[in-house]
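Read through the structure below, which is laid out as C-alpha cells, and then see the notes.
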Amino acid sequence: MVKMIMTKVQNDAIDFEAEHILIKGAPGSGKTTVLLYKLLKLMKTDPEAKILMITYNKTLTKYVKDFFESKGEATEGITISTFHGWGWRLLLKMNGRKPNSSPKTVDEAFEEIYSQRKKVSKHRFYKEDKFKKFLEEEIQWIKGQGIGNLEDYKQVKRSGRNARLSQEDRKEVYRFLEAFDSLLAKKGIIPFDDYANILSSRIDEIPSSFKYDFILIDEAQDLNQSELSLLRKLNPKSLVVSADMGQKIYKTDFTWKSVGINVVGGRTKSLEEMHRSCVEVVKLAQPLYKKNLSIESNKQADDKEELLMPTRESGIPPELHVYKDTTAEFQGVAASVNEIWRNSKRDITIGILVRNVKSLYALKRVLPPNLPVEIINKDDGNSLEPGIKLVTMHSAKGLEFDVVFIVRLTEGNLPYLTKEMDKEDVEEAAQSDRRLLYVSMTRAKHQLVMTTYGDKRSRYLDELNPEDYKLKRK
C-alpha cells in the first residue's frame, strides 16, 4: 500500500484516542484524509471492531470506497454510508419492509396539505406562494432540531429572518406540520427528515448489528442536530467528527454541546496547514470566506475558523473567461479542457463543476468524444483516476482535482434566484451560495478557471480581487 506523507499534526490526530474527537480545519487541510487513515489504523489494530463511517453524500461515499480499493484494502466489515442510506437500511431491518421515502411522494403530500390550508386559513402564509418554500424549510428545520411539540417550538430562539416569526405564525406552522405528519402516516411515507427522530424514539429497539465500536463522521457541519444526536446516542467507544463551519452548505443549526459531543480542550485537533490548493487559488477565494464570517450571526463559540495559507507551491494564476453567450461559453469550456488535457501527460484530473445535473449532460454533449469524460455521481465515476470529471458543485464537496472549471457564474444561477424570492430570500440564498462557490473554488489543486457570459456575471465575481485572477474575454 502506498502511504501518503502525513504531517506531524495529522499523525497526532490519527493517533489521538478519546471518547469524542473533533478534527477541524479549512478546505484542503486533510480532514477527510485524517479520517481515512484513522479508519485504516482501526482496521489494522482492532480487526474485529465494528466501524461506521458517515459521509456527506453518495459521491463522497464512493470516493471513500475507491480510496480503500486503490490501497488494496477490503472494507467488507466496515459500513461506509450517508446518514440517510444507513437510516434507510436500519428502518428496513426494524420494520421488516422498505421505507417509502420517495421525495416525489413527500412533495405531493406537502402540496396536498398546502392546498387544504389555503382553502380554510386566512393566514398570510397562503396569500403568496413564496411562503410555500418558507413552510417547507421551516418544517425541515423543526425536524432537524428534534422539536416535538408546539410549546417547545414557541419557546425556541431563532435568528435572522425567522426571528420575526410571531406566536401566531408559529402556531400556523405547527398546525401545518401536524396535518402534514398525519397525512404522511396515513400514506405510509417516512421522509428522510424523519429518520433521526423516529430512530431516536426507538433507540432501545436498534439491533446490535447497527451499533458500533467506532463511528467516524465526515463533513459533520452539514448534518443536523437530530442526526448527530442519534449517532452520539449509539454510544460507541469513540465518536470522531470532522468539520469546517465555513463549508456548511445546508441549513443546520447546532452546537457540539447541544448534540452531546464534548470536544473542548484537547479533544479538538486543528489542522493548521492547507495542502490541497495552491496559494493563488486560496488567495482568490478568501474574500468569499471572510464575507460570510463577517455576516454569520450564529457562529459556534467553540468552533471559530481561521483563514490559513497553503503549503503547496505556487500554481497557475486563476482565470475568468467571459463569453458572449451561453452557447459560446460551453463550447469555450470544451475547447479549453481539450487543450489542457492534450498538453498534459494524461495523468491529471480535470473537474468541471456546474450548478445542476441538466448542465452536466449539456456539457458532456459538447466535449470532444475522444476525451476520457465521465460524470461523477452516486453510482458512477471515479474521481481518483486521471480524466475529465463532470460533477455538480454540491457533489464536488470533499473531492479534489488538479484543474477545476466552474461554469456559468451568472446571476440567477449562482446565487440561484427565482422571481418568487423577496429581498430576505435573496440575501439568504446569496450567503448559502457564497459558501458553495468557496467550497467549489477550493477543490482546485493547481489551476482554477471560472466562466461566465454576457452581462449576467455573478455578484460574487465583484467580491473577488481582480488583481488575483486573469480576465480573458472570449
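Cβ atoms here come from the backbone N, Cα and C positions, even for glycine.
TrEMBL entries are annotated by machine, without manual review.
The feature domain 'UvrD-like helicase ATP-binding' is assigned by TrEMBL to 4-291.
Non-local neighbourhood of G30 (ATP binding site): M6, T7, Q10, L271, H275, each in the same chain, at least six residues away, with C-beta under 8 Å from its C-beta. Residues or ranges marked as ATP binding site by TrEMBL: G25, A26, P27, G28, S29, G30, K31, T32.
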(request) Would you please pick out, from the binding-site residues S29, T32, the one with the fewest other Cβ atoms within 10 Å of its Cβ? (result) T32
(request) For K31 (ATP binding site), just give me the three-state DSSP call. (result) helix
(request) Please classify the secondary structure at A26 (ATP binding site) using three-state DSSP. (result) coil
(message) Within the domain 'UvrD-like helicase ATP-binding' (4-291), what mean pLDDT does the predicted structure show?
(response) 88
